[in-house]
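Report on the following structure.
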Amino acid sequence: FVSLLFSAIIVYRLPWTWKCSKLLMKFIHAGLNTIAMILAIISMVAVFEFHNAKSIPNMYSLHSWIGLTAVIFYSLQLLLGFAVFLLPFAPVHLRVVLMPIHVYSGLTIFATVIATALMGITEKLIFSLKNPAYSASPPEATLVNCLGLLLVLFGSLILWMASRPHWKRPPAENTKILPPIAATPEGTEVESTMINSSNADKSDLRINTEAAREQNSKFDEAGQRSTM
């Protein structure tokens with residue numbers, strides 16, 4: 001579940017996927033999330049059947065509460081993504097409004113899944129390690145604790161990549177990065193043309209100002225002569 005969520009989140013953030021069409025990336029994103037949702041449902045059914053077969057109470061631990069909450073919100077997130085962003089029926093302004101919520105919800109669910117996994121492996125160690133106990137730090141406990149640290153680092157890296165602007169997929173019109181103006185002969189020509197045009201505008205303004213002054217002085221002389 002963690003690996004599929006990671007793949008679905010990061011599929012838009014990889015620079016070598018920016019060459020693919022946005023529609024193709026949407027289908028890949030939706031496909032990975034759908035597979036993750038199917039596997040999550042299968043795992044939930046397996047857990048409840050195992051608990052019922054072993055006469056273990058259901059939904060009593062924080063691990064189970066947060067895990068079920070993550071699965072419920074993940075299903076709602078998936079349905080919202082299909083209805084609004086994949087199917088071509090939602091208006092554009094609705095997509096613009098819901099996109100930040102969709103991104104934030106996806107990252108929150110991913111962080112919740114990481115936390116659920118950490119609580120699950122800790123719970124498993126407490127129940128499974130009896131002799132020696134978990135508190136005695138046997139090699140199994142050290143191994144699984146290191147796995148938990150790797151999960152935290154992994155989740156932090158994914159959240160960092162998903163929150164950085166330079167990892168964001170650029171718009172279609174900005175996929176080609178234009179060179180600076182001074183980097184090419186065409187840019188130099190454009191720049192020199194702009195400078196020449198600005199100088200021409202300044203000279204025209206100066207000529208017009210001098211002409212206006214001469215005309216005003218002529219009007220003043222004419223007014224003085226008529227007065228005399």
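Counting begins at 1 with the first residue displayed.
Yeah, the Cβs are placed from backbone N, Cα and C, and that goes for glycine too.
Remember, TrEMBL labels are computer predictions, not curated facts.
The feature domain 'Cytochrome b561' is assigned by TrEMBL to 1-163.
According to TrEMBL, the transmembrane segment annotation covers 23-45 (among others).
The transmembrane segment annotation in TrEMBL covers 65-89 (among others). Residues 26-27, 29-30, 33-34, 36-37, 40-41, 44, 59, 95, 98-99, 102, 105-106, 109, 112-113, 115-116, 119-120 of the same chain, all 6+ positions outside the transmembrane segment (65-89), place their C-beta atoms under 8 angstroms from a C-beta of that stretch.
The transmembrane segment feature in TrEMBL is assigned to 101-121 (among others).
Sequence-distant neighbours of the transmembrane segment (141-162) (same chain, 6+ residues past either end, Cβ-Cβ under 8 Å): 2, 6, 9-10, 13, 103, 107, 110-111, 114, 117-118, 121-122, 124-125, 129, 134. For 141-162 (among others), the entry in TrEMBL reads transmembrane segment.
Residues or ranges marked as region 'Disordered' in TrEMBL: 188-228.
Residues or ranges marked as compositional bias 'Polar residues' in TrEMBL: 190-200.
TrEMBL lists 201-228 with the feature compositional bias 'Basic and acidic residues'.
Taking Cβ pairs closer than 8 Å, the transmembrane segment (101-121) reaches residues 1-2, 5-6, 8-9, 61-63, 66-67, 69-70, 73-74, 77, 80-81, 84-85, 144, 147-148, 151-152, 154-155, 158-159, 162-163 in its own chain, all 6 or more past its ends.
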